[in-house]
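For reference, TrEMBL has these:
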- 1-26: region 'Disordered' (REGION)
- 1-21: compositional bias 'Polar residues' (COMPBIAS)
- 62-483: domain 'Amino acid permease/ SLC12A' (DOMAIN)
- 83-105: transmembrane segment (TRANSMEM)
- 167-187: transmembrane segment (TRANSMEM)
- 199-216: transmembrane segment (TRANSMEM)
- 252-272: transmembrane segment (TRANSMEM)
- 293-311: transmembrane segment (TRANSMEM)
- 323-342: transmembrane segment (TRANSMEM)
- 349-369: transmembrane segment (TRANSMEM)
- 389-410: transmembrane segment (TRANSMEM)
- 422-443: transmembrane segment (TRANSMEM)
- 463-483: transmembrane segment (TRANSMEM)
Amino acid sequence: MTDRTTPYQQENMLDTPLRSANDQDMKHRNTLRRELQSRHISMIAVRQLPYPSDQISRDVKLGGTIGTGLIISSGTALVRGGPLGLCLGYAFVGLLCYLVMVALGEMSAYLPHKRGFAGYATRFVDPAFGFAVGWNYLMKYLIAPASNINAACIVMQYWTRSVPLEVWTAIYITCILLINLLGVRTFGELEFWMSGLKILSLAGFILLGIVIDLGGNPCMTALDFDIGDPPTAPWVIISCHTFTDGHLATFLGFWSTLTTALFAYIGTELVGVTVGEAKNPKKNVPRAIKRTFVRIFVFYIGTVFVMGLIVPSTSKALFVANSSRTGAAASPIIVGITLVNIRSLNDVVNVIILIFTLSAANSDLYIASRTLHGLALEGKAHRVFAKTNWIGVPWTCLLSVTVFCGLAFLNISSSSAVVFTYFVNLLSAYGALTWMAITYTHIRFMNALKAQGISRDTLPYKAPMQPFGSWFALVCIGIITIFKGE
């Protein structure tokens, strides 16, 4: 017989009082430090704005300057779904993102421990499920830093090719390792300011698009929310000529935008990883989740809306850019400003992409180390990974996950780049499984509260639209993931 607990016994664990918000369950003298404020937590999550792995993998194969997520891959969705399809797709997936975030916020505010998602899955579902969730999430962030480092290196080739890719790779790996070794306070402040710069960049893109639409361009042409007659007008979903049924083609165009949007939003859940290092988590985590969602939702919808205003979805330039070019040239924003004879922003966009990718790699390394640390605290990884130093850095975890950044060196050779692409393609699938695990765990969390007669009204934060919201998100994410085909 083993001492493995049943799901019912785990639900009864809710009666066990929390020791404190500091979660003093470490057997070691040193532990993670609660030094992240709500502004740090919410802005760290914003670093995930531009990050769908499918676009990165395509760009790796083509070998150009790699753009990221919202700025680049939305062009494909615009071609397939049209402006209205693009906006509706991102809005719908934004709703799913919101449901996942509030579900995570409710659990995190009630039980602010240092074990991440795996801890909730273990406690409210099953230890085996918690093991799978934890290692699934860790696998994603063992690969993610390498993909972002590779992206940053290829961006550098836009300015110079005299420095080999392996040199840039080694430099960037060293930089993000040193930043993470300086402690969570330094990490949080750096990510706060870098994420702020990215938000300003996206705001600038939105403003630029509106100015172009209203006639502020060299062509002196006001688009006035209309780029032409249907089907190129902004609010018409483009039909696919492969199908004779126009309604079916319209639906499939919209559906294709969902798969792109889902994997562009993935990454916002990392707020749950920061719980173990958040000050006053019962108050700051729900606040950060609300801020994060509002920022991400507004900037996503705002950006794709502007793209639909200035770029016809049937534009030959947009089709060619997304078929044969990478980096800034493939961005709908660049295509749009090129159509009105503004050709001087490639340098600016590439600088922004470089900041995006380096910030993402830095945060990815942080998440990987904390996820491995949480697994060690639960006994699901070797206890050596439960150690931290005098400033609260899980240094054994950090050094171990940094080794996997070496995967970026695979892309230096054209033959090994194929293997690297296979790894990168797994990222979106790992992320979708994590979202599904969060919603299912939240359903079990609510069942546990009900079984013990605990009203959700007494919780520090009560997620809206529940339990319907978690069930709806679980089913929808599962269906979209299946059609993604990863």
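The backbone N, Cα and C atoms fix where each Cβ goes, and this holds for glycine too.
Counting Cβ pairs closer than 8 Å and at least 6 residues apart in sequence, the transmembrane segment (83-105) and the transmembrane segment (199-216) reach fewer than three and form no contact. Most Cβ pairs under 8 Å with the transmembrane segment (389-410) belong to 167-187, among the candidate stretches 167-187, 199-216, 422-443, 463-483. The list of residues near the transmembrane segment (463-483) in space but at least 6 beyond its ends in sequence, with Cβ under 8 angstroms from a Cβ of it, reads 93, 96, 99-100, 102-103, 105-106, 255, 258-259, 262, 429, 432-433, 435-436, 439-440, 442-443, 446, 456.
Looking at the domain 'Amino acid permease/ SLC12A' (62-483) alone, the prediction's average pLDDT is 76.
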